[in-house]
Amino acid sequence: MEPRVRTVCFLFFLLRVLAEPAKNSDFYLPGDYLLGGLFTLHANMKGTVHLNFLQVPMCKEYEVKLSGYNLMQAMRFAVEEINNDSSLLPDVRLGYEMVDVCYVSNNVQPVLYFLAQEDNLLPIQEDYSNYVPRVVAVIGPENSESVTTVANFLSLFLLPQITYSAISDQLRDKQRFPALLRTTPSAKHHIEAMVQLMLHFRWNWISVLVSSDTYGRDNGQLLGDRLAGGDICIAFQETLPTLQPNQDMMPEDRQRLVSIVEKLQQSTARVVVVFSPDLTLYDFFREVLRQNFTGAVWIASESWAIDPVLHNLTGLHRTGTFLGITLQNVPIPGFNEFRVRGPQAGPTHQRSTCNQECDTCLNSTLSFNTILRLSGERVVYSVYSAVYAVAHALHSLLGCDHSACTKRGVYPWQLLEEIWKVNFSLLDHQIFFDPQGDVALHLEIVQWQWDLSQNPFQSVASYQPLQGHLKDIQDISWHTVNNTIPVSMCSKRCQSGQKKKPVGIHTCCFECIDCPPGTFLNQTANEYDCQACPSNEWSHQSETSCFKRRLSFLEWHEAATIAVALLAALGFLSTLAILVIFWRHFETPMVRSAGGPMCFLMLTLLLVAYMVVPVYVGLPKVSTCLCRQALFPVCFTICISCIAVRSFQIVCVFKMASRFPRAYSYWVRYQGSYVSVAFITALKMVTVVISLLATGLNPTTRTDTDDPKIMIISCNPNYRNSLLFNTSLDLLLSVAGFSFAYMGKELPTNYNEAKFITFSMTFYFTSSVSLCTFMSVYDGVLVTIVDLLVTVFNLLAISLGYFGPKCYMILFYPERNTPAYFNSMIQGYTMRRD
């Protein structure tokens, strides 16, 4: 025998044994088609099933659960409203049969009763396609554990089951529960609404309390998975003990509650999320009141978010602010009056089963009627819409028109197919089932109020599952000093530009450290590390972005630039005047003794060098860098080489010609002075090319060591080494020129240039060494100014120091600029030597 057949045989036996009549027509309404209803009118949290005695639990022995009766009345109201509506199921009367399931204790017997036929028989068949059970569909029950138990039976027969408040995500599995649908959003939407609420108020440090049943464990796990690696951390999670109604609390349970509340007191988390049925929480909150734990924010799951009995607990308002996640309020016209209507008198229904009585339900409802009326219809609407979903499916299946329907036998699988297709408007809300069998009703965040003139569960925000965020957020009356928003953070939020340094194992616990200058914090990329700014950007301390560094270069509006430019202009004009004077007196001995044609080469190159001075000012470019690194050094080197060669040539004429006549003849014959200058020029050009290849011509930037916000832009990234390399030849030439000039200090006065050459060469040598020294200790834009100033002074030293005295003699002592005077000076020198 197959396992399914053995199971059905056992259930058939159990059904026959447990059937029992009851006298209460409020649970039964005859009709052409019956709906089954499973509601919790009494609650037994332990869920004990007396299989040893084969007895169905007597629900009336347990405490009344007010909300269950309220939901049962909603089903009765919906059925009666449909029966009075001529447009929906015309000429068809819906009936119902409802059973109290005692929360989780009494699930098997009612579902067997609904699956049985009119004779209480559940036949064993191989094919149930043509089987017609007692009811066409089942509404309920309310919690996930009971729904799972019932669905395992009903799915075997494809009997439609619509639950109104079970949110477990496991129920979305249509392979396991093909006949189960829900008129409430799934648990993931409830969890997401909670998370969005905590994110909105920046609560990132929470405590979580869960019940020990499947509901608490599953939802606690879902919340933990949702928060894993996110911005919200769970300080601790505890499991609440499950208490037996109508019995004294066991010592271990009492101690467990005391320990949990003490842990809440000691924790810095001020937000407490509670996943638990309402009945488990009464003793817990009594312990909270006993220990005077106040100032917390309690976030209630949908199972107790609008529980009127818990709300009525004396002194509960002192414990803090209560926020709950629940279904959107949809007013149902006429339901408030129907809810408190007494049961109709009628004869005993012989086919009724057990657990169809609740003698105190109506009185309890009357005592809480004000709260129920003000709190609105939330889960009530889920029951209401579930009944209407079955009615619309039945309307389609029976082929109803405006006046009549074709009454016939309805097989469960046929009705199930039609329920999946329904899409109708009910009180301005569209009802249809998604592929997982859920209706996407909106959720609301409610705050508990204790002002009798207001709604005890005041809506403060709404959540739309399809959009995934809160909206219509209203002000909340916080139970804090000055109505300030409670703070629940392991660590305070870091200020802008501060990185997080983790402390401990929780990502929400950290230290805030300022990002140092030159770095910034990109929170979207990595909030635990400061990133370095790009080389052309900078930042101050504690910044989230970098700014462009100010480029620093020599500009025309600066006083130093203007002063140097005036000196360069003076030098240019002076050199030009010297060139004119030398040109007009070209045939004189003074000009020829100074070098003759070579003087014009030097003066021309000096003019070019003066014209290169402006390229030191302004934003460096490739062209200006080429002039600074190539044109000017070559011009200046030629000038120095001419002076050095001229000094050597004079010494040779007067001191070495007689000793080395052949060498001197070669020097004169082959224009040794010009060859030497050409050779030195070629050598200089080689060094310049090597320097350019090594450093490049593109301007580069470097950080100002005194002010990192400034980027110094220059032509040479390694300007110190480049300067030393480029000036090394010039320094050697200056030393050589100085040496030859010193050797000729005893020459005739008109040929003795030792003082002038010594001045020029010594000035160049000392200024170049000073510039290199200055560069070694300073790295700012002032280096460019000093470099330019030294360059101009060196040019002036040659222009005025070397050529100036000669112009002075030409202009003011023309009698000394004659061949006779020069010959007399040479004869006097010769006579002194002899």
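One-based numbering along the chain as shown.
Any Cβ shown, glycine's included, is placed from N, Cα and C.
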Per Swiss-Prot, the candidate from Asn363, Asn726 carrying the annotation N-linked glycosylation site:
Asn363
Is it the same side of the membrane for His585 and Gln671, going by what Swiss-Prot records?
yes
Using a 10 Å radius around its CB, how many other CB atoms surround Asn522 (N-linked glycosylation site)?
12
Asn312 (N-linked glycosylation site) to Asn292 (N-linked glycosylation site): how many Å between their Cα atoms?
18
Could you round the CA separation between Asn522 (N-linked glycosylation site) and Asn292 (N-linked glycosylation site) to a whole angstrom and send it over?
44
So which of the glycosylation sites is most packed in, judged by how many other Cβ atoms lie within 10 Å of its Cβ, out of Asn84, Asn292, Asn312, Asn423, Asn482?
Asn312
PLDDT averaged over the residues of the topological domain 'Extracellular' (698-722):
72
Using Cα positions only, nearest of the glycosylation sites to Asn84 (N-linked glycosylation site) (Asn292, Asn423, Asn482):
Asn423
Which sequence positions outside the topological domain 'Extracellular' (619-630), separated from its termini by at least 6 residues, show Cβ-Cβ distances below 8 Å to it?
551, 553, 612, 688, 691-692, 695, 697-699, 713-716, 722, 726
Pop the Cα-Cα gap between Asn423 (N-linked glycosylation site) and Asn292 (N-linked glycosylation site) into the table, whole Å please.
51
Taking just the CA atoms, what is the gap between Asn423 (N-linked glycosylation site) and Asn482 (N-linked glycosylation site) in Å?
49
